[in-house]
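Asks: Take a look at what Swiss-Prot says about it:
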- H251: active site, charge relay system (ACT_SITE)
- D309: active site, charge relay system (ACT_SITE)
- S406: active site, charge relay system (ACT_SITE)
- C57-C62: disulfide bond (DISULFID)
- C90-C101: disulfide bond (DISULFID)
- C95-C110: disulfide bond (DISULFID)
- C112-C121: disulfide bond (DISULFID)
- C129-C140: disulfide bond (DISULFID)
- C136-C149: disulfide bond (DISULFID)
- C151-C164: disulfide bond (DISULFID)
- C216-C221: disulfide bond (DISULFID)
- C236-C252: disulfide bond (DISULFID)
- C377-C391: disulfide bond (DISULFID)
- C402-C430: disulfide bond (DISULFID)
- 41-86: domain 'Gla' (DOMAIN)
- 86-122: domain 'EGF-like 1' (DOMAIN)
- 129-164: domain 'EGF-like 2' (DOMAIN)
- 210-454: domain 'Peptidase S1' (DOMAIN)
- S92: O-linked glycosylation site (CARBOHYD)
- E46: 4-carboxyglutamate (MOD_RES)
- E47: 4-carboxyglutamate (MOD_RES)
- E54: 4-carboxyglutamate (MOD_RES)
- E56: 4-carboxyglutamate (MOD_RES)
- E59: 4-carboxyglutamate (MOD_RES)
- E60: 4-carboxyglutamate (MOD_RES)
- E65: 4-carboxyglutamate (MOD_RES)
- E66: 4-carboxyglutamate (MOD_RES)
- E69: 4-carboxyglutamate (MOD_RES)
- E72: 4-carboxyglutamate (MOD_RES)
- E75: 4-carboxyglutamate (MOD_RES)
Amino acid sequence: MAPQLLLCLILTFLWSLPEAESNVFLKSKVANRFLQRTKRANSLFEEFRSGNIERECIEERCSKEEAREVFEDDEKTETFWNVYVDGDQCSSNPCHYRGTCKDGIGSYTCTCLFGYEGKNCERVLYKSCRVDNGNCWHFCKPVQNDIQCSCAEGYLLGEDGHSCVAGGNFSCGRNIKTRNKREASLPDFVQSQNATLLKKSDNPSPDIRIVNGMDCKLGECPWQAVLVDEKEGVFCGGTILSPIYVLTAAHCINQTEKISVVVGEIDKSRVETGHLLSVDKIYVHKKFVPPKKGYKFYEKFDLVSYDYDIAIIQMKTPIQFSENVVPACLPTADFANQVLMKQDFGIISGFGRIFEKGPKSNTLKVLKVPYVDRHTCMVSSESPITPTMFCAGYDTLPRDACQGDSGGPHITAYRDTHFITGIVSWGEGCAKKGKYGIYTKVSKFILWIKRIMRQKLPSTESSTGRL
């Protein structure tokens, strides 16, 4: 009411002036002396500072216009408002194949990478084996602008054209008894007693090892085979490939005159768990150079003796498969190189020494070991790393393979199927800081392995328990 009264008084005063008839309105500078816009009552200096989102929208419910005053930006306001109204619709990561999610009110929008479409980027336009293995469970093959999935031996391609269905109870690579949340590793801190026993060694030892692994329970490492002689018992490991073939390291073959193979064993003190098999033939890669007569592993390391460190043992009688005895799957070379060896971890197992120069384990040990990139691998080794080798293991943690584990499996799991990716070969000490385990790269020998295995196919009897 006061402003209106003031205005009337001003107009009356102006009307009384001599020139009022011709000058009803004042110039702006004069008028502004009398007429001023009233400030908002909630803050004297609010117009001169940026908004406060906590005061405006958290402590009290705000409108979109009030939020806009705070952010002073349409895009930021829209992003905030979509979450503020009904939560973040992108929190569940609904966009497939690395699509980008943008939240909306009651919905979301996926921005797909090139080659994908659909509300959730779920449809692949241009399929590539280089992208998520073409969504194939096992093997992927490019065919023009499409891909073709196939499966390991003993599996059938699913109706969706991508999945692989086991054709029998004992198809390769099936870990029937899962670990039930158990990890194939120990805590980061090793018991002080064991730590003091880890002795340094300046000489590489090719007869490798499992240090600080966990006990492998019955059925958890069903592809494990062990090589035994009549004098020392277990001296090397191996991997079951089929009812009549076991993969191992070539340097293991030179350690004794008579070799037998045991499968299904997890505890050497319980003879009932293992099955002893006689050897018919042994195939050693022709490029492998055996150590000189009288050569001792721990005295001198001869690199040429451990390039092409691969051999295949043929059984006289077939291996009978069960829940505790199952072969590992043989990958294709491309699948191993492009998919399996780009996973974070592989799995090794064996009865080797529990620490360097220590006693051998009475129980089968298993350990997850990370893949190591080739440059780091080569820099860490005093001896050359050839194309038939790769590194795996820990830089500082005392976890590794050790003497007695040589020839054993390096397994990589993909979509719950376990594939053979390496053979325990050699290393510079056991769990030595800055050193890694060296493994034979199986992908380099896929054709050689298949050629050997075709020489004698399993009979109907040898295929018992496997389709």
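A Cβ is built for glycine as well, from the same backbone N, Cα and C atoms used for every other residue.
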Asks: Helix, strand or coil: which one is C140 (disulfide bond) in, per DSSP?
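Replies: Once the DSSP labels are grouped into three classes, C140 (disulfide bond) ends up as strand.
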Asks: Between C121, C377, which of the disulfide-bonded residues has the fewest other CB atoms within 10 angstroms in the structure shown?
Replies: C377
Asks: Checking the recorded positions C90, C140, C216, D309, S406, which are within 10 Å of H251 (active site, charge relay system) at the Cα level?
Replies: D309, S406
Asks: Counting other CB atoms within 10 A of each CB, which of the recorded positions S92, S406 comes out lowest?
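Replies: Result for the recorded positions S92, S406: minimum number of other Cβ atoms within 10 Å at S92.
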Asks: With a Cβ cut-off under 8 Å, give me the same-chain residues at least six positions beyond the ends of the domain 'EGF-like 1' (86-122) that come close to it.
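Replies: Long-range Cβ neighbours of the domain 'EGF-like 1' (86-122): 79, 128, 131-132.
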Asks: Please report the three-state DSSP label of C90 (disulfide bond).
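Replies: C90 (disulfide bond) sits in coil per DSSP, no helix or strand.
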Asks: Using a 10 Å radius around each Cβ and all protein chains in view, which of these disulfide-bonded residues has the most neighbours: C112, C221, C391?
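Replies: Within the set of disulfide-bonded residues, the most crowded position is C221.
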Asks: Between C-alpha atoms, which of these recorded positions comes nearest to C140 (disulfide bond): C62, E69, C377?
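Replies: Closest candidate to C140 (disulfide bond), judged by Cα separation, is C377.
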Asks: Calculate the distance in Å between the alpha carbons (Cα) of D309 (active site, charge relay system) and C110 (disulfide bond), and round it to a whole number.
Replies: 50
Asks: If H, G and I count as helix, E and B as strand, and all else as coil, what does DSSP give for C252 (disulfide bond)?
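Replies: Helix, per DSSP.
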Asks: Determine how many residues of the domain 'EGF-like 2' (129-164) DSSP places in helix, in strand and in coil.
Replies: 4 helix, 14 strand, 18 coil
Asks: What does DSSP say about C377 (disulfide bond): helix, strand or coil?
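Replies: Helix, per DSSP.
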Asks: According to DSSP, does C110 (disulfide bond) fall in a helix, a strand, or coil?
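Replies: Assignment for C110 (disulfide bond) reads strand.
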Asks: Going by C-alpha distance, which of the recorded positions E65, E72, C121, C149, C377 is nearest to C216 (disulfide bond)?
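Replies: So, of the listed recorded positions, the one sitting closest to C216 (disulfide bond) is C377.
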Asks: Across all the protein chains here, work out how many other Cβ atoms are within 10 Å of the Cβ of C216 (disulfide bond).
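Replies: Result for C216 (disulfide bond): 24 other Cβ atoms within 10 Å.
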